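What TrEMBL records for this protein:
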- C9: active site, nucleophile (ACT_SITE)
- R15: active site (ACT_SITE)
- D123: active site, proton donor (ACT_SITE)
- 3-149: domain 'Phosphotyrosine protein phosphatase I' (DOMAIN)
Amino acid sequence: MSVKILMVCLGNICRSPLAEGILASKLPANKFTVDSAGTGSWHIGHAPDARSIATAKNNNLDISNQKGRQIEEADFDKYDYIYVMDTSNYSDVLELTDNPEHHAKVQIILNELYPNENVDVPDPYFGMANGFEIVYGMLDEVCDIIANKLIAKHS
Ligand code: 4NP
């Protein structure tokens, strides 16, 4: 059975689609499934932001087929690991369930790189064009660590 990882941000059009594509590219597809969702509902059914698609493409990754969706309570049973992009996503996701086993699946993604520091992946949506490259670099670095850990743990 596949190990399932969910990447979560606010809109599911900028950061978590990049995180999904980057982590999936570092894991064997026969053992791991990577998906993404947003805490908000604005972009259900939408493709990723054009700037995320372009940044991924610059790094030889195609994320253009992804479709936005909103995280729901059933996801806590479906997924083994839930990585959120920032502290606000973290509190929004925890609010969806009271189950401590579900809460234990949720991690602030950059804590894998900077343990216990609760550093945010900055939301590039309203920011400067190079915000997307900065986010890509952060996610690429932390996804290397996550992929190595997951492969070691589940093989
Ligand atoms: P994301 O960025 O959480 O990285 O996908 C955002 C995209 C859209 C909105 C907020 C954040 N929005 O308010 O529509």
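Cβ from N, Cα, C; glycine included.
Keep in mind it's a predicted model, so treat the numbers as computed, not measured.
Sequence features, as recorded in TrEMBL, placed on the structure.
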| residue | record | DSSP (3 states) |
| --- | --- | --- |
| C9 | active site, nucleophile | strand |
| R15 | active site | helix |
| D123 | active site, proton donor | coil |
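The Cβ of C9 (active site, nucleophile) lies under 8 Å from the Cβ of R15, S16, A19, S36, G38, T39, V84, M85, D86, N89, V121, D123, each of these being in the same chain and 6 or more residues away along the sequence. When the domain 'Phosphotyrosine protein phosphatase I' (3-149) is classified with DSSP, helix, strand and coil residues number 59 helix, 22 strand, 66 coil. Candidate active-site residues: R15, D123. Fewest other C-beta atoms within 10 angstroms, D123.
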